[in-house]
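What follows is a single structure, and I will ask about it in a moment.
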Amino acid sequence: MEENIVSENNMKHRSSVYDSMVKSPNRAMLRATGMTDDSFEKPIVGVISTWAENTPCNIHLHGFGQIAKEGVKDAGAWPVQFGTITVADGIAMGTPGMRFSLTSRDIIADSIEAAMGGHNVDAFVAIGGCDKNMPGSMIAIANMDIPAIFAYGGTIAPGNLNGKDIDLVSVFEGIGKWNHGDMTAEEVKNLECNACPGPGGCGGMYTANTMATAIEVMGMSLPGSSSHPAESAEKKADIEEAGRAVVKMLEMGLKPSDILTREAFEDAITVTMALGGSTNATLHLLAIAHAANVDLTLEDFNDFQERVPHLADLKPSGQYVFQDLYNVGGVPAVMKYLLKNGFLHGDRITCTGKTVAENLEAFDDLTPGQKVIMPLENPKRADGPLIILKGNLAPEGAVAKVSGVKVRNITGPAKVFDSEEDAIEAVLSDEIVDGDVVVVRFVGPKGGPGMPEMLSLSSMIVGKGQGDKVALLTDGRFSGGTYGLVVGHIAPEAQVGGPIAYLRTGDMVTVDQDTKEITMHVPDEELAKRKAETELPPLYSRGVLGKYAHIVSSASRGAVTDFWNMDKSGKA
């Protein structure tokens, strides 16, 4: 029988593996990191961040990790800091590097699970700043199911040019305006030099802020934390408090599976609809739900789309940035408003150990007279802005974001491209005319590989004044900064022989947000003929993208990498 030479601590559920006499060699290495007899008696709490110097979203996160460690120490546990990767979407956008963006979500999840599991931590805090950091962290948190909290690095402050707030999307759209002759190269350079004034995630209701909000709503980050700006005193305080709070979770025996219930995901979808969040929320919430063993489907999003109005006048389709929401009460004030009106489940438990309703009691209502959140009686849109479409072009579904779009349906000729680069060249060469349906395919999860975003392309179309006149369809994704008549996540994707693979330039296509249909007007006989004539390209086969292409699921299932439906050959 092994002799424990470290005193018993009922919070050391996992790190107690180091306590016995035969683990003396393990402790010898840990002593070299600063651990002592005293610290061996404490639970070990990991603090893992996606710090990197290459992007404002993450450049400040190493320091935030140090702050979180202080909170862990203050609560009586032993903190250990780790790092994992990030891919900056705004920097990778429109380049071959964009194929690594969604791929990085699952690498982040796997690396967190490997590091936390490999070192037997009792609990952990995950700190993220850019788009895929949030769902990557949450997939790991759900899979590990040990006490954990996510802490968001915070939103960037808006840039300012000539007295007007601007952000990164202003620069992307500036390229379209420059190409159209509405802006000079010098004016675009002025946008470039003033759009990003410091650290923080992209400033509108884009993917980073959408997912940070969703995680707070679900109860896996501290109340109010998602809307605290990156450079605010409140942000530093909530990062430190996250360290203390995760130790409290450990004391209470509170696990992610207690928090990540079906009702938690319903509330996340509700607030995403009300705030006009990113299309990527569908993909990421499906993936997190899969990790949490919660039954969630694309069809569920339409259920909430039909009954939750769009209230927030936030970018990309509105005029305000996320910091403006913070200034009028932040996410808790929005949640209080929705809870009072029967849209949320107030009795759910959260990472504080309190219910949603109990947490919200500590926060003020929306600032009287504010303009960021519109009243339920006069919403920005009567229903939600994220719509799941189905039809013979997308039998498994597709995701449309229709906030700010005046046109409710369009039927037009397809202009089909097998890469974003070719589509961009066509836009810049004025080959795309009003009424066209631009289609970019073979860029899905397997085909990209990595399901790249099309912000460069969509922003150019908007910048040229065609945002309401040209539809853009893809089996890839759109940035949270995208708006206009756009449909992404078309499934099945072209790479696996989805109908989009057989669409040809000139075919008529209908997108209808009222009937939630997406249709290619091609007779079945002609479609069968095209299938017989078409040879699909081989899957990418090298390196991490090759691995990803071979194991990733359909976008309709969240593009997850641990969903297998094995046949007799053992092939996925």
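Backbone N, Cα and C define each Cβ position, glycine as well.
The shown structure was predicted, so the numbers you read here are calculated from the model rather than taken from an experiment.
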Quick check: of Cys193, Cys202, which does Swiss-Prot put in the same [2Fe-2S] cluster site as Cys57, Cys130?
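For [2Fe-2S] cluster, Swiss-Prot names Cys57, Cys130; of Cys193, Cys202, the listed one is Cys202.
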Select one of Glu431, Glu453, Glu493: the residue that Swiss-Prot places in the Mg(2+) site alongside Asp89, Asp131, Lys132.
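According to Swiss-Prot, the candidate sharing the Mg(2+) site with Asp89, Asp131, Lys132 is Glu453.
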Tell me the Cβ neighbour count for Glu453 (Mg(2+) binding site), meaning other Cβ atoms within 10 Å of its Cβ, over all protein chains shown.
32
In angstrom units, rounded to an integer, how far apart are the Cα atoms of Asp131 (Mg(2+) binding site) and Cys57 ([2Fe-2S] cluster binding site)?
9
Work out how many Å separate Cys130 ([2Fe-2S] cluster binding site) and Ser479 (active site, proton acceptor) at their Cα atoms, rounded off.
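About 12 Å separates the two Cα atoms.
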Quick check: in three-state DSSP terms, what is Glu453 (Mg(2+) binding site)?
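DSSP assigns Glu453 (Mg(2+) binding site) to strand.
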Note down the number of other Cβ atoms within 10 Å of the Cβ of Asp89 (Mg(2+) binding site), including every protein chain shown.
32
Whose Cβ lies within 8 Å of the mean position of the Cβ atoms of Asp89, Asp131, Lys132, Glu453, the Mg(2+) site, other than those residues?
Val87, Ala92, Ser101, Leu102, Cys130, Thr207, Asn280, Ser479
